[in-house]
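Colleague: Below is one structure. I have some questions about it.
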Amino acid sequence: MENKNEFIIDILKECSALLEGHFLLSSGRHSDKYCQCAKLLQYPDKAEKVLKVVVDKIKDLDFDMVVGPAMGGIIVAYELGRQLKKPNIFTERQEGVMTLRRGFEIQKGKKVIITEDVVTTGKSSLEVAKLIEKLGGEVVAICSIVDRRDDNIELPYNLYSSVKIDVKSYEEKDCPLCKEGLEYIKPGSRNIK
């Protein structure tokens, strides 16, 4: 597993998808590292290789479709759907609420895999899961390129990722970078106040 992790990390670094500095994550937490998977996803050949790791882990699961939240989950959903020959759609926020638009639907009883680029707290995935279940679908699993959860963050669904990266994240009040007076960069896509 370590060699596979190193292989994925090397690709992420090659694409400048692993950044260092002081970041405000979309979860609201602070970190000294940030995974900007959009930098990976701009290269279809590299995205295919990285997501093949996830495909190999989930290919025997019973599911009907793949759903990714905008923005980070859209291309991941597409690529997993493409490799597994499953339909894929995406959710997006409308007035702060995760919704299906553009004529997308999840039919009652459909088994769904949720995709993300990076999972830190799982908040976006859980919002999508709530929507899927409200519509009568069943969440089978969550998939991501990067699992960067702290050890104390558990999800109610299995998470299958290309790579697990141990990166410390902090509540703002506990952030050592804030205490040093370093300004943060807010690269995430969720609207944070």
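The first residue you see is number 1, and the count goes up from there.
The backbone N, Cα and C atoms fix where each Cβ goes, and this holds for glycine too.
According to Swiss-Prot, the 5-phospho-alpha-D-ribose 1-diphosphate binding site annotation covers GLU116, ASP117, VAL118, VAL119, THR120, THR121, GLY122, LYS123, SER124, on the basis of sequence analysis. Feature annotation from Swiss-Prot assigns orotate binding site to THR120, ARG148; the stated evidence is sequence analysis.
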Colleague: List, in sequence order, the same-chain residues at least six positions removed whose CB sits under 8 Å from that of ARG148 (orotate binding site)?
Modeller: CYS35, VAL118, VAL119, THR120, LYS164, ILE165, ASP166, VAL167, SER169
Colleague: So among the binding-site residues THR120, SER124, who's got the most Cβ atoms within 10 Å?
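Modeller: Comparing the binding-site residues THR120, SER124, the most crowded Cβ belongs to SER124.
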Colleague: Could you tell me which of these binding-site residues, GLU116, VAL118, GLY122, has the fewest other Cβ atoms within 10 Å of its Cβ?
Modeller: GLY122
Colleague: Work out the three-state DSSP category of SER124 (5-phospho-alpha-D-ribose 1-diphosphate binding site).
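Modeller: Looking at the DSSP assignment, SER124 (5-phospho-alpha-D-ribose 1-diphosphate binding site) belongs to a helix.
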Colleague: Around the 5-phospho-alpha-D-ribose 1-diphosphate site formed by GLU116, ASP117, VAL118, VAL119, THR120, THR121, GLY122, LYS123, SER124, list the extra residues of the same chain whose Cβ is within 8 Å of the site's Cβ centroid.
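Modeller: Not counting the recorded site residues, we get SER26, SER27, GLY72, SER125, SER144.
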Colleague: Give the helix, strand or coil assignment DSSP yields for ARG148 (orotate binding site).
Modeller: coil
